[in-house]
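As annotated by Swiss-Prot, 5-phospho-alpha-D-ribose 1-diphosphate binding site applies to Arg85, Arg110, Asp135, Pro136, Met137, Val138, Ala139, Thr140, Gly141, Tyr142, Ser143, Asp206. Among the features that Swiss-Prot reports, uracil binding site is placed at Ile200, Gly205, Asp206, Ala207.
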Amino acid sequence: MKQDSRFPNLFILDHPLIQHKLTHMRDKDTSTRTFRELLREITLLMGYEITRNLPITTKRVETPLVEIDAPVIAGKKLAIVPVLRAGVGMSDGLLELIPSARVGHIGVYRADDHRPVEYLVRLPDLEDRIFILCDPMVATGYSAAHAIDVLKRRGVPGERIMFLALVAAPEGVQVFQDAHPDVKLYVASLDSHLDDHAYIVPGLGDAGDRLFGTKN
């Protein structure tokens, strides 16, 4: 895991397996089926990385030989909240890793001026719960920042929120950081820039279209 000096709350997950799978996802010739499988696999790997600092407590268990105090994750079950629609493809990998997690949804689409328009919010109970928001791309950063706003307006502090994405543009990370410096953003790659249409370059195309086999 590495950082970029420009963005204190950005963490780049540079594990070789993550980078290998991301390269295949970038390939325009990768099929919908393979893209979907890779998204699940890469999210599972990234989820493993970002949960390494979860709080731990102990539980008394009896092995076939003795009783011991063994480590377990402390507190309430985590919540996974994909940002619709492409974020749904990431929830499968996270649920494979954390099958007991609660699941919410935040629906946001990007208007013509690239600003987020919210159309759905469904969340589990919020008190004392750690949230993992997920969306494959942080382009302009407005949708990601808005999704965090949804949680914070309901009383979730920034230190209990993580945001997981595959690729991000520096412009979007700056918007994210300015809005929520207390929230950690985890990505597989910090890409070069946004083009004139606010697409990430080099990026991986429209993640939602590639995941669901639709045309923009």
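Note that Cβ sites are derived from N, Cα and C of the backbone, with glycine treated the same way.
In space, Ala139 is the closest of the binding-site residues Asp135, Ala139, Gly141, Ser143 to Ile200 (uracil binding site), judged by Cα positions. Taking the mean position of the Cβ atoms of Ile200, Gly205, Asp206, Ala207 as the uracil site, the remaining residues of that chain whose Cβ falls within 8 Å of it are Pro136, Met137, Tyr199, Gly203, Leu204, Gly208, Asp209, Arg210.
Around the Cβ of Asp135 (5-phospho-alpha-D-ribose 1-diphosphate binding site), 28 further Cβ atoms fall within 10 Å across all displayed protein chains. Cβ neighbour count for Ala207 (uracil binding site): 24 (other Cβ atoms within 10 Å of its Cβ, all protein chains included). Annotated pair Asp206 (uracil binding site) and Arg85 (5-phospho-alpha-D-ribose 1-diphosphate binding site), C-alpha to C-alpha distance, rounded: 11 Å. Of all Cα pairs drawn from Arg85, Arg110, Asp135, Pro136, Met137, Val138, Ala139, Thr140, Gly141, Tyr142, Ser143, Asp206, which the record names as binding 5-phospho-alpha-D-ribose 1-diphosphate, the longest spans 16 Å. Neighbours of Ala207 (uracil binding site) among the binding-site residues Met137, Ala139, Ser143, defined as a Cα within 10 Å of its Cα, are Met137. According to DSSP, Ser143 (5-phospho-alpha-D-ribose 1-diphosphate binding site) is assigned to a helical segment. Counting in whole angstrom, Asp135 (5-phospho-alpha-D-ribose 1-diphosphate binding site) lies 14 from Gly205 (uracil binding site) by their C-alpha atoms. For Gly205 (uracil binding site), the nearest neighbour among the binding-site residues Arg85, Met137, Gly141, Ser143, judged by Cα separation, is Met137.
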